[in-house]
Amino acid sequence: MADPYHNNIYHQGDGDSYGTYGQGGQDGYGYQTDYPPQEEDAASDATEGHDEEDQMYEGEYQGIPHPDEVKAARRAARAKARTVADAVSEQEELAEQYEDIMEDCGHGKFQWTLFVVLGLALMADSVECFVVALVLPSAEKDMCLSHAEKGMLGLIVFLGMMFGAFIWGGLADKVGRRKCLIIVLAMNCISAFFSSFAQGYGFFLFFRLFSGIGIGGSVPIVYSYFSEFLQMNKRGEHLSWLCMFWMMGGIYASFTAWGIIPRYGWGFSMGTEFQFHSWRVFVLVCALPAIAAFVGLIFMPESPRFLLENAKHDEAWMILKQVHDTNWRAKGEPERVFTVTHIKIPKTQEDEFIEIQTATGTAFQRWVVRTLTLTKLVIKNVLSLFGRDLRLATLLMAIIWFTMAFSFYGLSVWFPDMIKHLQHEEYESKLKVFHREKVEQFHFNFSLENQVHKEGEYINDKFIDIEMKSVKFEDSLFVDCFFENIRSTETIFENCTIRSTVFYDTDLYEEKFIDCTFENVTFLHNKKGCHLDYEEENDVLVYLVSFLGSLAVLPGNIISALFMDKIGRIKIIGGSMLISAGCTFFLFLSFSQAAIIAWQCLFCGVSVAAWNGIQVITVELYPASKRATAFGVLNAICKLAAILGSSIFASFVGITKVIPILLSCIALVGGGVLALKLPETREKVLL
């Protein structure tokens, strides 16, 4: 059979560190397991004055095998498996070679540095999911938002993230992981800045959509990028540890919201047209993780596996050498030599970019052709996910992602909405009703709250320097009254008759008078703008619920990371989803705010293990040329499920809790059972 690889040989001068790329040894690998003997004068200063007999492995007398022996045993097992197999595809052959190289590079300082940088990018994605929900109570008063506009603002971020995951996941397989991640982080930072200053609803909505499109691509790229710097026995554990940054993002968002938004003094205004309140400061602070990740990523290299897939072998070799030298130098073994001298080159792809000569057409024409070509390649890559080899895996993963996201995000909205509903019911139970009261020549100098006044008569009364909160005047008569410096929240006048009355410096504008009759009524210096229709106290329970829900996933994160490589991805996913389904049934017994918060924490703590397993196995099921594309498509399905789940579950708040609980339980059970049908990938090299 013809060699499926090009055996290109790069001849270089003596002493050049690139070596040669070409045909390997007997096994066909571009790789040497034993380090070549070094010249005496090339020995490191670290080994000077020491005999080889003095350098004894400390675990020798304890019967612990040397790490090099463990690596040799793993390679021998993989080589034996290849000889047993009838045929080894060129993709598997390259994957085996890359795994051997990563084992030689080791796991150390380089991976941990990249871990922090990519973790901050993942943290930025988590913050984006929380930021709108946390600022909405303040933003709705600042920008005069209706219920429909609030709902759209809550969904627009997930809509943007859905498109972002699809677009940037596909581009990352063609343009590069690092380059695309830098772009999406830059988009998120720029959008956060402009959205914090946007005064109108339309501009704020647009910039949050743009921010979602940007940061939506971070999750598919981060996991694909990091996995390609990990060896097989470290992959499941360290990808699970990376998931902890998503938890940290939720904690960061809720903690900073708690500390910033209630501080109304942290802002400024320029007349009535430009307001910069504390919630806008919070939006700016939420961009800090993305900024930090953007700066850190500038100093990180591209994925060598991506470079090899795109025939950029010199660059890949240099990066692999950098990883090797960084790790072993940090471990105190700088004398270790990167022994890879040649790496196999995959076939030149038929769908390579169309190169356009500089003299051909204008710059714009060349850009258009390249863009169209890139779009065609991305679409072709997406369609290949439904080819014969990957169709079943893609279908199963799509269902599992959908069911998990539908239940998780649906309940994530349902929990706080149910708490607000219980608070509202408790508040309404304390409602005071005044029927046919008659008040004459009285000075109201105290606030009115949670009251209904029916068929009352108010003659020559004064309402001065007071606050009205949740007050309704119904079928009442006001004659010769005077209202001055009134601040109101959820206060209306319905079917009232108002005669010879003056409203001076109040926020009682037309929308608050429903079917009322006015006779000789004067409005002077009315306060305009709904940002004046607010409550001074902030409900800290909103921040507390978000904080506890994020913190509750810590035990699940730790357990899943420790056992991901021991018991396998499939058992983690299936077990977690089925246990989470069981947890939802106990919601039938939750009749108080404390009970709902407790069950929310339990659900989040259990379900996070399934999330970790799903993300790990998604990376491992697909080859390098399709990895980010597949992750992007599945993550887009996840965001679609989040939109549907949050919309459906929220619509049943205050009506019934049976349907949301049954829907989440059925979805989790179905997804958990299907997860058990997936192939186990913990002993599989990354294709």
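Using the three backbone atoms N, Cα and C, a Cβ is placed for every residue, glycine included.
Nobody curates TrEMBL annotations by hand; they come from automatic prediction.
As annotated by TrEMBL, domain 'Major facilitator superfamily (MFS) profile' applies to 114-682.
What TrEMBL records for 1-55 is region 'Disordered'.
Per TrEMBL, the feature transmembrane segment maps to 112-139 (among others). Away from its own ends, the transmembrane segment (112-139) comes close to residues 145, 150, 153-154, 157-158, 161, 181, 185, 188, 204, 208, 211-212, 215-216, 218-219, 221-222, 225-226, 229, 238, 241-250, 252-254, 257, 261, 277-279, 282-283, 286-287, 289-290, 292-293, 296-297, 300, 416, 534, 538-539, 542-543, 546 of its chain (Cβ-Cβ under 8 Å, at least six residues beyond either end).
Taken from TrEMBL, the feature transmembrane segment applies to 151-168 (among others). Sequence-distant contacts of the transmembrane segment (151-168) (same chain, six or more residues past either end, CB-CB distance under 8 Å): 125, 128-129, 131-133, 136, 139, 145, 180, 183-184, 201, 204-205, 208-221, 631-633, 635-636, 638-640, 642-643, 646-647.
The transmembrane segment feature in TrEMBL is assigned to 180-198 (among others).
Here TrEMBL flags 204-226 (among others) as transmembrane segment.
For the transmembrane segment (238-261), the list of distant contacts is 107, 111, 115, 118-120, 122-127, 129-131, 134-135, 138, 222-223, 226-227, 230, 278-279, 281-282, 285-286, 289, 538, 540, 543-544, 546-547, 549-551, 553-554, 557, 560-561, 564, 608, 611-612, 615-616, 619: same-chain residues at least six beyond its ends, Cβ to Cβ under 8 Å. Residues annotated as transmembrane segment in TrEMBL: 238-261 (among others).
Annotation comment: TrEMBL describes 281-300 (among others) as transmembrane segment.
Taken from TrEMBL, the feature transmembrane segment applies to 392-415 (among others).
Tertiary neighbourhood of the transmembrane segment (541-563): same-chain residues 130, 133-134, 137, 237, 240-241, 243-244, 247, 249-251, 253-255, 257-258, 261, 412, 415-416, 419, 423, 572, 576, 593, 597, 600-602, 604-609, 612-613, selected by CB-CB distance under 8 Å and a gap of 6+ residues from either end. Sequence annotations record features per position, and here TrEMBL assigns transmembrane segment to 541-563 (among others).
Taken from TrEMBL, the feature transmembrane segment applies to 570-591 (among others). For the transmembrane segment (570-591), the list of distant contacts is 400, 403-404, 407, 411, 556, 560, 563-564, 598-599, 602-603, 606-610, 612-614, 617, 657-658, 661, 664-665, 668-669, 671-673, 675-676, 678-680: same-chain residues at least six beyond its ends, Cβ to Cβ under 8 Å.
Under the heading transmembrane segment, TrEMBL lists 597-619 (among others).
Here TrEMBL flags 631-652 (among others) as transmembrane segment.
TrEMBL lists 658-676 (among others) with the feature transmembrane segment.
A contact links the transmembrane segment (392-415) to the transmembrane segment (631-652), because at least 3 Cβ pairs that are 6 or more residues apart lie under 8 A.
The largest share of C-beta pairs under 8 angstroms with the transmembrane segment (631-652) comes from 204-226, of the ranges 180-198, 204-226, 281-300, 658-676. Most Cβ pairs under 8 Å to the transmembrane segment (658-676), among the stretches 180-198, 204-226, 281-300, 597-619, belong to 597-619. Counting residues 6+ beyond its ends, the transmembrane segment (204-226) has Cβ neighbours under 8 Å at 114-115, 118, 121-122, 124-125, 128, 132, 139, 143, 152-153, 156-165, 167-169, 171-172, 177-178, 180-181, 183-188, 191-192, 194-195, 198, 238-239, 242, 290, 303, 615, 618-619, 627-628, 631-632, 635, 639 in the same chain.
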